[in-house]
């Protein structure tokens, strides 16, 4: 019971201590915090201040209210007027003080230095910024058209008569006449007439003076010309040439460079649509000329076509023709009198232009010449072609033409039916791409295959593929999909499939030319690569023709992975099997032969030579593509020649694979079968010299790549005794240069300022968030108040209405 009163007293004392007023805190000198500074630094913001606890925070809040809060409230407001008059926003100044101070500042602004010691307090009156006292002096210059030499010189009498009202002049005249003697005073009209006569007389005198001065000047010029010929002694021409200094080689080169041909401005870069339109117009014009020649009409030759210079053309390596004008060059010893060569050159150029502009007389052709011209026009290819609507239309268009003409027909068809020229041309050219692919396949299946025509058409197919990549992708996907489905169906039925025909091999080659092969996954090249791998695995080798097709597929596979360096195990297995076909003794093998090859038995000796005599006449050449379609080998020497060609191609592919996969970690394991086969089983004594060279290169490359160095423990670095530097001032970095210390100081200052800026930004954000929250709460409170008032008024009206209703009842 005794402890409860003591605890209550302590609690009451704490409560009283907490409820101290701010006035008590302000009056308490021990609550004041003083930050003293030793000395003032010019240009540095002072952080030392005197204040009370919590005062700095209130200052920051007030400062934000004056600046940030005002900007927030004035955001997105355009109707803002700022009164910039002195003292307008100063609430401590009285209105009379504001007006007096403004008047003082205005007087100080117009006050000049010359009036500093002027004790006269009278104000100077002005009109449009000019003093009225200065304007009354009439010092303005009067412009007169008649008086060109004496501008602004008017007599005092004329000025007084015109601008003084005539009264002063009359009084002056009257006084003068009275002084002369009692003569009759002249009237105002007489004085004016006398003044006019006097001014006219002065004008005539000035005109006479000017004429006399002009005559004297002309006479003086003529006399000077006569005297000048006597004063100057003209030296003969030969003496001038001898006295003229000889120019140096550098000066001559500089002058010659001044006369060199300058670069001509090129035309603007044209859009593809404009270029296509120009190409079509050109072809249409050429076709119209061809048709006129076929009809026997004469074709008027147009003007000389202008040569187009591109923006990148530096005009180097140009050749002058007969139409180019001669350039000027400096010649040593040329005199001043050149016979007006520049005028003669201009005259010659004008004559040349007139000759070019004048039409040449038409040459009449005989009947034989006209007939020959018609035949030549008929034999000439048309310049415009309509896009084929079907594959048969394309065949009819290209039938009977050479490979060059077929390429030209396809190119002109593209130009005549560009997508920018008409709406339906895009679909027509997309169909043309599919027709061309089908036509290439047909050319490959012919006997013999027309490979040169296919080679000529590939650039046009590439141009269409670049123009319509999506349509080209779908068309090629359709061809590859059909081939893959056909192979799968054959494998399901028979268990094995035949190698792709020549048309499919060409399609695979065209795919590598049209689409990128280095992509990780591509909608066209990835299925093509899978088809090649499946063919190398599932198609058995039963003849030299099958082996030729397989080697062509291997070459295509190397081409597909040349950029991406993707490992293709089917390729290595097929090359090992091909080399195995050339091994004579297959009893004990140090390697494994995988399908589609057999270790022994039928079709395992396809590359074994029948006799060594065929090696003498063999020469290295590429494997013909036509051998994949039809291979006619009637005797053993022909078969041995083809066997050596296949073996040479296989060794070349192995060489390319070694260079391609040399950086793989498993290179030794991959090429272990090839190294064993070449070093222990394949005899090269009976092979030709070119094959022996390839054999040695492959073997050496595989052997050197197989060498693996023993792993040794790395030699450690020498351990030196560390240099001990005694540091006396801990926390300070020593040993750095002045630039490094300055850099560290700036970094530290930057970090400090950056942290301070972030801190202020966070405080500003919190302040704005509080203000926004207060606005929302105030709006909600106001809305609740209004709703409450409305509900109260409605309740009152409802009560009144019910009371009235009860009274009526």
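Yeah, the Cβs are placed from backbone N, Cα and C, and that goes for glycine too.
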(message) Need the matching range: TrEMBL marks region 'Disordered' on one of 116-158, 288-330, 331-373, and I'd like to know which.
(response) 331-373
(request) Out of 259-281, 374-396, 397-419, let me know the one TrEMBL marks region 'Disordered'. (result) 259-281
(request) If TrEMBL is the reference, give me the range from 1-24, 25-48 marked as region 'Disordered'. (result) 1-24
(message) As a quick check of your reading of DSSP, tell me how many residues in the compositional bias 'Basic and acidic residues' (181-221) are helical, how many are strand and how many are coil.
(response) 34 helix, 0 strand, 7 coil
